[in-house]
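Undergrad: Annotations for this protein, taken from TrEMBL, read as follows:
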| type | residues | note |
| --- | --- | --- |
| TRANSMEM | A:23-43 | transmembrane segment |
| TRANSMEM | A:49-69 | transmembrane segment |
| TRANSMEM | A:100-122 | transmembrane segment |
| TRANSMEM | A:129-148 | transmembrane segment |
| TRANSMEM | A:168-191 | transmembrane segment |
| TRANSMEM | A:222-241 | transmembrane segment |
| TRANSMEM | A:253-271 | transmembrane segment |
| TRANSMEM | A:278-296 | transmembrane segment |
| TRANSMEM | A:302-323 | transmembrane segment |
Amino acid sequence: MSETVTSTSRGQWIRRLTGHDAVIFYILISVVVISMVSVNFFASTLTVGFLLIQVLPILLIAMPMALVIVSGEIDLSVASTAGLTSATMGVLWRDSGLDIGSVIALSLLVGVLCGAFNGFLITTLGLPSLAVTIGTLALYRGLALVVIGDQKVTNFPPALNAFVLSKIGNTGIPVMMIFVLIVIAFFAVLLHFTPFGRGLYALGYSPQAATFVGVRVGHSKFWMFVATGVVSSMVGIFLTLRLASAGPDNGTGLELSVIAAVLLGGVSIFGGKGNIPGVVGGVLLIGTLTYALRLAKVPETALIIVTGGLLVLSVVAPSVIAWSKERIRLNRLHREVPGQSASGETSA
Amino acid sequence: MKLFSPSSRVGRIGSIAAMATVVALAATGCAATTDGGTGDGEGGDAQTIAFLPKQLNNPYTDVVLGGGEEGAAEIGYDSQVLGPLEASASAQIPFIEQATLEGTNVIVIAANDPDAVGPALQTAREAGAKIVAFDSDTNPDYRDIFISQVVAKDVALIQLEIISEQIGGAGDIAILSATATATNQNEWIMFMEEELASNPDYADINLVAKVYGDDDADKSFQETQGLLSSYPDLAGIISPTTVGIAAAAKYLSTSDYKGQVALTGLGLPNEMREFVKDGTVQEFALWDPAQLGYVAAFAGKALFDGTITGAEGDTFDAGDMGEITVGENGVAIVGPPTRFNADNIDEYAF
């Protein structure tokens, strides 16, 4: 008995060290090391600061996005939500006379409303999230233009702008990363250590089965879209303060970067698979690779081919691996006596 | 049991991942302190200048950048072009950061958004870079100097000068403009009308008509046709738009008016070359976008050398473009538009 325990735990260890998210981190560390050695100027505290500030919005939104995709849904409206938040924040700051704290609090409400609207259409009316959020992608961006027009609001408190870009001591790590770590921890705990999170996996595998085993499907989905909206709003506020400029076009195109990073991080686009550490690795990998290649003077046109190729590979690879594993397993089953049950194999 | 094992597995992967990240970040962070010095040392050989256009792969931008690289070569700086593929507000920021990281001495930028690039430029300045805005200004707080192409009034006056030379200072002229609401064109036309009314040299020139070709080649073609049949005595046409002048030249070149009615305005050398060669058009004007990049490079050098600060009244040497004076708000004007004629048109490829 004790022998089986040790053998499974060793198996788990091997699996842990060869799993998709582990591989992502190996690649990430390789990219970092190779870049430090071979790319001029890469090894610098400025790199840490610039790189983290660049990936910060993607990292933030990737957290709730991972949960959404694990549950088999998608949210394409995140960048537009950030844009609408930025526009609202600008107009509130310019016209309302409220202090910046209240303006930020009210701006977060934009995300709650955007997310709740998505959630309502998807859960109550039962519409597919892809269709709904393609619609709200355009709708929220359009509303942003209505709210602020083609103007910009730029007179935010300079101290706050400086704070957003400030670093922890001499490390080069932005102070905002502390906040990001809290968000990451929150979503990691939510997904991996709560019944709600386990329900999302069940949902991703099979909504019908999830319903039968007592997951409140509509309830779960609704709150996930609200969470995505709120985090998108946080990003909208961050971008506004970072750029010292509130405009309707803040965050344009962010949704695709986020989804790309989430998929690269090992979350299955079909739902039911993926974890937060992998997603963090995916975001950092795309960010670091882009950053290093730019510094290495790889032309921008070649760069999008590299990141695009990487993404296709990350989507295709798990399917290919799963397919070949399945073939091997079936072959083995055929070779063994059919009477032998495969229970040990499947549970591992 | 099955429910719990994946989460504990994930938890441990999480801790490995977190440790790996910390190691990676710490490694980059530590390396910085040792490597920063050598980075500076390497930069000592030649000064560096980085051009950040609004976006890459834009024909107009390519001409501007061509001039910039020529200027950089003349001042002996190493130049590079950094830019995004799409012209969105914040897309330039990573490239500003890259230039900062590389310790670039001069950053020349055409801003997609005057404010959004501000904080990044501020960081670059703190790292010692001089900021030259060109083509499209940033908020003046964030740059040392703005290199602007031309003054609107100069654009208007040069067209009047050319037409006056060609029609011998007397006769009826007409204007073929773009749309009736075009801001640029209306401003130039206003300056032309003021000058016609006030300058005694132009007392014998009558502006008889203003028509609008809407920057549509076919409509501009027809409007030219209409002008010539309505005003048989017409001596010349000014078309302050590249689409209009090309369409008017096309009509004139196939009609009896070829060589009889003068045509000038703002045109692109590539589009006008055949009409200049076949005698339909003697001379037209446009600013040369390459000069913008060229002057920006020289302005960057002057700022970096400390010979100017970008204050009003500063002057700097701009190579072939002569001496340039900085005006109000740190804006320097490249100079009068260039005249293109049979003698020089083959030198320009835009």
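Every residue, even glycine, has its Cβ placed from backbone N, Cα and C.
Just so you know, TrEMBL annotations never went through curation; they're auto-generated.
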Undergrad: State the residues, same chain only, that lie 6 or more residues beyond the ends of the transmembrane segment (A:49-69) and have a CB under 8 A from a CB inside it; answer 'none' if no residue qualifies.
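TA: For the transmembrane segment (A:49-69), the sequence-distant neighbours (Cβ-Cβ under 8 Å, at least 6 residues beyond its ends) are 75, 78, 82, 129, 165, 167, 172-174, 176-177, 180, 183-184, 186-187, 190-191, 197, 200, 224-225, 227-228, 230-232, 234-235, 238-239, 242, 251, 254-255, 257-259, 261-263, 265, 267-269, 271, 274-276, 279-280, 282-284, 286-288, 291.
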Undergrad: Under an 8 Å Cβ to Cβ limit, what residues of the same chain, 6 or more beyond the ends of the transmembrane segment (A:129-148), are close to it?
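TA: Residues 68, 73-77, 79-81, 83-84, 86-88, 90-91, 114, 117-118, 121-122, 225, 246-249, 252, 255.
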Undergrad: May I ask whether the transmembrane segment (A:168-191) has at least three C-beta pairs under 8 Å with the transmembrane segment (A:253-271), counting pairs 6 or more apart in sequence?
TA: no
Undergrad: Any residues 6+ beyond the ends of the transmembrane segment (A:222-241) with a Cβ under 8 Å from its own?
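TA: Distal contacts: 56-57, 60-61, 63-65, 67-68, 71, 73, 75, 77-79, 81-86, 89-90, 104, 107-116, 118-120, 122-123, 129, 156, 160-161, 163-164, 176, 183, 187, 200, 250-251, 254.
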Undergrad: Going along the chain, which residues at least six beyond the ends of the transmembrane segment (A:278-296) come within the CB cut-off of under 8 Å?
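TA: Residues packing against the transmembrane segment (A:278-296) from afar: 20-21, 24-25, 27-28, 31-32, 34-35, 38-42, 47, 50-51, 54-55, 58-59, 62-63, 66, 184, 257, 260-267, 302-303, 306-307, 310, 314.
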Undergrad: What same-chain residues lie close to the transmembrane segment (A:100-122): Cβ under 8 Å, and 6 or more beyond its ends?
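TA: Residues 73, 75, 77, 81, 84-85, 88-89, 92-93, 128-129, 132-133, 136, 140, 156-157, 160, 221-234, 236-237 contact the transmembrane segment (A:100-122) from elsewhere in the chain.
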